Structures are given as C-alpha cells and as structure tokens.
Amino acid sequence: MSLTPDQFRKVGMGVAPSPTPFLTPRPERRRADPRGIDWNSGRLDRDREVNVQVLLRCRPSSDDEQRLNVPKVITCNEQKREVTVSQNLANKQVDKVFTFDKVFGPKAQQRSIYDQAISPIVNEVLEGFNCTVFAYGQTGTGKTYTMEGGMRNKGGDLPAEAGVIPRAVRQIFDILEAQNADYSMKVTFLELYNEEITDLLAPEDCSRSLEERQKKPVSLMEDGKGCVILRGLEEEVVYSANEIYSLLERGASRRRTADTLLNKRSSRSHSVFTITIHVKEATVGNEELIKCGKLNLVDLAGSENISRSGSREGRAREAGEINKSLLTLGRVINALVEHSLHVPYRDSKLTRLLRDSLGGKTKTCIIATISPSAHCLEETLSTLDYAYRAKNIKNKPEANQKVAKAVLLKDLYVEIERMKQDVRAAREKNGVYIPHERYSQDEAEKKAKNEKIEKLEIDINISEKQVDKFRELYLSEQEEKLNIESELKDCKINLESCNNALQDLQENYRTTISVLKEKEFVISKLMHSGERTEIQLAHHVPFSAYQNPIVSETLNMQTETCLLEHAKELRANLQNASEDITALFSKIDQKSRLETENQGMLLTFGSQLDQSLKDLHKTILGSVSQQQQHLRCMEEHACSFLASKCDATQVLESKIKKMAQTYTLGLTTLKELADSMQMKASSDLEQIKSKMLSHIGGVENFVKTATLEAKDVLFDIQNSLDGQKQLLAFSAQQQEEGLRRTLVSAQVFSRVTLDFFNDLNHRASKLMTVVEENQLDKSHHLATFEKMFKEGTARDEQQAMENIAAILANLTAKRTAMVSEASRNIQDISLQEKKILLQEMFSMQKVSADAMEELNIHNEKVKSHFFEDTFSSAEVRATMENCLQE
Ligand code: ADP
Ligand code: MG
C-alpha cells in the first residue's frame, strides 16, 4: 500500500486526536522507542547549537503618514544588516544601532524576503526538520501582511504581495511534485485568544451562532511523553496548493469576521498555521521509511499588548488575561537568554504549544516588524530590544527520526479503527448521550480537574526537584564523610606505626640502659683492677705480666666515652620521640573531636532529610487522596448519570410503545380511507365516460364545419398561386435580360484585356530592342576606351626611361590583360542580363498568351453557362407551371 494522498481522507476528525500529535514527539524521547530505527544516530551535528535567526522588516510609510508628513526615525542598511533609530533626546541627536541576521527596508518585496530568508527553512522542513517562523511586532506594522499577504490571483498564480504562507505552500508542492515523491500533507490553523484555542478550520455549522462556535474551544493536553495534543482540532489532509489557499482564506476570513464583532480581536490574538508533511524515502532493505517534517507559521498578537498589560496588569486580567501568552513568551525568552534553571513554558498555552521552537529541537526564525514613523518610536525600540534579545536563544535542531512505513501504517490503522468505532456509535446511537448543560458542566469540571492536575504536577515537579537537591546534598555529605573516614584510617595507621616505633625505641632504650649498666659495671670493675695494677706496679710486677691490662684499660676508656656519647644521643632522640608522641596524641584527640562533630552534623542532616521526605510523602499522599476523591466524585457522577440514563431509556421505551399503538391506529384509518377512495374513483370514471361520449359528438360537428372552411381556403390559395405564376414569368424574363447584358459586358471586358496584353507585348519587344541597343552602345564605348588606353600607355612607355621600359612593358601587359578581362566580364554580365531579360520577356509573353487563352476559355464557358442557365430557367419555369397547375 502506498502513501499517495488519495488513499486517506481526513485523518483528524472532531475530538479525535491524531496519532501524530500537534507537536512532534521530541526526538530524544522517541529515540527510546524500540519500534523505530534511528537512522540518524551517526549524525555529527547532534550537539550543534544554532542561534534563533532574527530578521527585521521595516514597512513603508502608509498613505496617511505620507499625507501628514510624519517624520521617519528608522534607517535600514541591508548590506550591513543594521537598523539605525534616530532619537532626539534633550535637543541632542542620539542614534541607536541594532544588528540582525537580515534586515529588510521599506522597499523590500515579499518575494525577496521569502527567497532570502524563508525558502531555506522550507527546504529543511522537507529534509525532516521541524521549523517555526514567528512574526512579532506592533499592530499595523505588517505581521499579517508578511505572513499571509495576498493569497492568490484568479488564475491561480501567486500575486506579488503574497506572503510567507502561500509561498511556502507553493514551494513545498513544487518540490514534492518535481521529485515525484509519495507524500501526504496535513494542515491545521488555530487561533489563540484569551488563553483559549479555536479551530479556524472547523467545518462551518450554520445552525449555531458565531459565539456558540467560539465557545467550543480546543483543549491542550499532554500525552505524558512530553508531547502536546490538541483535542478537537481539525487536521485537514490536502492534495494541492489551491486547496490550502481556500482553507487559509476560510480561516483568515473567520479571523476577520471575529475582528468586526469583537473590537480588533486579531491584534490581541495569535494564529498558528501548521503544515505537516510525510514523505516516503527510498527503501532500505525491506523497510520503507517515512520522513516527517513540520512547519509552524505563527502570527503573534500585537507587541503593544505586552507593555500595556505590563503597566495595567489589573485591568488586563479583568479583560480576561488577554496577553498571558505574549507575556509568558517574553519571560521564556528572557529565561532562555539568561540560562535560568526554570523556564516558565507551562505558564501559557502559546509557550506550551511552541515549547520545542524555543530552546528545543526546532529551527526557529523570528521576523520582527517595525514602522518607520516617529509616532511609534517607543514601540519600535521595545520591539528591537526584544528581537535583539531573542537572537541569543540557542536551539539544537535535529531531524525527526524516520519512521518505518509499517509503523506509521499501524498507527493509522489504529486511528481509523477508533474513528470507525466513533462513527458506529454515532450511527447506532449506542454511545453516551447527555443533555447539553450536563455536558458543559462535565466539561467545565473536567477542565478544572485538568488544571488542578496540572498544578499538582507542577508541585510534584518542584518537590521532585527539591528531593533531587537534597539527595545531591546527602550524597556530597556522604562523600565527605567517606573522605574523612579514610583520612581517619590513615591517621590510625600512622598512629599504630608511631606506637610501634615508640615501643621499638623503648625496647632499644631498655637494652641500651642494660648495656650501659653492664658497661658501668665493667668500668667499675676495670677501675678496681686498675687500682690493683698500680699496687702491683708498685710491688715490681714483671712488665710482661701487666702489659695487656694497660692496653685494655685505654681501650675501655675510649669505648666508655663513645658509649656515653651514644647514650646522650639516644636520650635526645628519646626526648624527641616522646614529644612527637604527645603531638600525635593531641592530633588524635582533635580528629576524634572532628569525627564526633561530623557525626552530629550527619545525624541532624539525616533527621532534616527524613523530615522533608516525610513532608513530601505527606503532600504526595494528600494529592493522591485528593485525586482519589476526585475519581470517586467522577465515579459517583457516572453512576448518577447511568441511573438517569436508565430512567431516560424507560421513558423512551414507554414512548416507543405509545408510538407503536398510534401507528397501528393510523394504519387502520388509512385502510378505510383507501377503500372509500376506490369507491369514489369508480363513480368518477363512469362520469368521465359519459362526458367523453358527448365530447365525441361535438368533435364530429366541428370536423364537418372545418372541411367546408378548408375548401374555401383552398380556393383562395389557387387564386394567389395564379398571381404568383404571373410574377414568376415576369421575373424570369428580367433574369434573361440581365444575363444577356452581363454577356455583352464580359465580351467588352475580354476585348479590353486582349488589347492590354497586345500593348504589353509590343512594349516588351520595344524594351528588348532598347536593351540590345544599349548593349551595343556599351561594347562600342568599351572598345574606344580600350583603344585610347592602349594609345596612352604606348605614349607613356615611350616617354619613360629606357632602363625601366621592360618592367613597364610587363606592367602594361598585365594591366591590359586585366582591363580586357574586366571588359570581357562586363560583356558577359550584360549578355547574361540580356538573356535573363529575354527569358523574362518570353515568360511574360507566355503568361499573357496563357491568360488570353484562359480568357477565351472563360468566355466560352460563360457563354455556354448562359445558354445552360437560360435553358434550365426555361425548364424550371415549365416545371413550376406544371407544379402550379397541379
Ligand atoms: P499587523 O498584522 O501587524 O497588525 P497588517 O499586516 O495588518 O499589520 O498591516 C497593516 C497595513 O499595512 C495593511 O494594510 C498592510 O497592507 C500594510 N502593510 C504592512 N506592511 C507592508 C509592506 N511591507 N508593504 C506594503 N504595505 C504594507
Ligand atoms: Mg495582523
């Protein structure tokens, strides 16, 4: 099955939401959809950010402005893409310059704006992107002119003042037709006024008044997947540009009608025209892919409404929150430019509708329109500021994911099935029927509930955000805690190693002390033995016997001093170690103190988190219970409604019974009536028969009188015929005479033409003789000239010098040859001319002879014709006479 347009008609109907919602699902969500294949996953430009494109257009001065000679304060420089506003502040000329992506001055034509700025956007739509074009500016600066302009001429061509919409439509159709593509196209056209959406393409319902129709708003819903659905919006499937033009004209005229009724409604309302295109791509394997693109063309409310409602918000609200959407659009732009965390998309329907066009995946272009006159200076400046700010919004355009055709078809089938069910229910009348007030009441309740749900959703969103924040805080705290714990562990390990070192040191200390003690003991012993040796020396002990102990004593002294020094060093070391240990202990104390503090903090934070989570739980529980209550209420409503329905059906049944009775009664009376009528008819028939008989007698009488009258008439006719016969004879005679006269004149004419041709012949022969004479004359002249020339040259030759005589002779010979050749040529030419002339003369003579011959033949023919005519007229006369006599 192919997707050629005429396969399906009218996809969206009434309250039916279409499978492809108004704003295409945002691609990042759709990517998760396992049904489709992301063919663009390799795209490099996924993260490429593109600024919103901002164009500026200044309209020409209006007739009124020109007449009143209003000064101009705007100058546009299209090359430099600059707009200059000249202001007079305190008698000083102050110029403000703004730069935009493109600038179009008062002379710019619709066509050039479209070709330069919009045409590339439309090409991208056909590549599968979603694109949006906004027109922003003060009322009367040409937003509608730029977007819509003139729609079409009678011939179907675009007029010069056609705006963006008709041109885009024409381009799309041209391209698709040129590609010979399989495609389907849907359009929607809506108006947003007073935060209510109206369908400008809804079928005309003459039975209802305009106000009633406007009371049936289109509702905006979220499908839970981040897409916006417009319930009750008509999606028209279109097959030709002309069809779109008529739809547009219908919508635009509806807008205009509302204008006259509601005090310039159009300057306070926004209109959104959307074209959705599905194009079949080349097949990949067995799968046929469908590419989808969408173009939103938005004509915003007059920008003066922002400032007005800004200054008098109270009154604006009184008038029904006229400009909530425009205000929110401004706020959204501000938030996007300032990179705020919260962008208030949800605050108005316009921003919800166009969410994707502002900082989303759509390519966006804003056309800011201004007036050149000094009267509008304030508004112009605010528009320029606004547009200049909007330049900084960044979008991340991304082509829509291509969908396999089978998936799309499945969606369509589901949609068709659902619509069939609707139709069946409507036909069989077994759907739900409720009184009108009840319906509106239910709708109002539903709306209120929806709003409440939206509010709750917002609350939930906010609390979710808070929870997220707390969770992040908690996580960071825990991280810190873990850090501290690891530090603590390190410290403990440090401490242990220090303790170990201390113990080692103490051990060392103990061993050294014991060694020292031993040494001291040895020293004291040695000292004792020294005393003894002295005594022994005094008692003349042989030297050899005492030699050893003396050496050992000196050695002992050395070691002693050494040991003492060691001991001193050791003591100092030990003192240092003990100082270190005390420092360590103090540090450990500090650590433990910190730890306890941290633990306390953690505990308080945990309790806080607990509290907030409990609060959140409570609010969620509250909202859930509220929702449950609402659901219960709805259930009750439904029950009561069902009960009332039951009653109604009973009443209906009794009514039907009554009707059946009356029906049988009617049938019997009808039968009686038929019988009586039959009787009447038979009697009438008899009457008619007798009347007919009397009529026949009358007719016979009438016929008799009529034959008598006819005889009289015939006699009269005979008389008139005789008269006519005489007349005819007379006219035949006259004809004969006329013919004879024409014969005579023809003869005269032929004689004259004969004379003429003879004359012509004569003259031609004369001409020939003249030409011959001329020829002879010429040749004679030439001969004399040649002779004279020869003589002259001979004379010259003789006069010339002897040494150049030979050369001259040569030259003259050449010249004579040339001259003779030239004369020969001339003679040839004249001979040829003569020949041609002769030929011409001959052909002329021949032609004249032919003509004469033809004339003679013609004469003969005329004569014979004349005789034939006279004969035939005589015959005709005879036959006519016969006829008349008959
Ligand atoms: P808006 O929609 O902004 O209120 P309109 O589009 O209705 O303004 O324009 C107001 C008037 O100015 C219209 O009559 C329109 O024809 C005229 N106009 C606006 N722009 C131009 C232009 N560029 N060239 C000629 N006429 C223009
Ligand atoms: Mg307008």
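Residue numbering: from 1, along the chain as shown.
Using the three backbone atoms N, Cα and C, a Cβ is placed for every residue, glycine included.
Lifted from TrEMBL, the feature list:
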REGION    1-39  region 'Disordered'
COMPBIAS  26-36  compositional bias 'Basic and acidic residues'
DOMAIN    51-393  domain 'Kinesin motor'
BINDING   Gly137, Gln138, Thr139, Gly140, Thr141, Gly142, Lys143, Thr144  ATP binding site
COILED    409-508  coiled coil
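The ATP site, placed at the center of the C-beta atoms of Gly137, Gln138, Thr139, Gly140, Thr141, Gly142, Lys143, Thr144, has further neighbours from the same chain whose C-beta lies within 8 angstroms: Arg59, Ala135, Tyr145, Gly302, Thr369, Ser371. Most Cβ neighbours within 10 Å, among the binding-site residues Gln138, Thr139, Thr141, Thr144: Thr141 holds that distinction in the structure as shown. All protein chains considered, the CB of Gly142 (ATP binding site) has 20 other CB atoms within 10 Å.
Considering other CB atoms within 10 Å as the measure, the emptiest surroundings among the binding-site residues Gly137, Gly140 are those of Gly140. The Cβ of Lys143 (ATP binding site) lies under 8 Å from the Cβ of Ala135, Tyr136, Gly137, Asp299, Leu300, Gly302, Ile367, Thr369, each on the same chain and at least six residues away in sequence. Checked against ligand 2, the binding-site residues Gly137, Thr139, Thr144 give Thr144 in sequence order as having a Cβ less than 6 Å away from one of its atoms.
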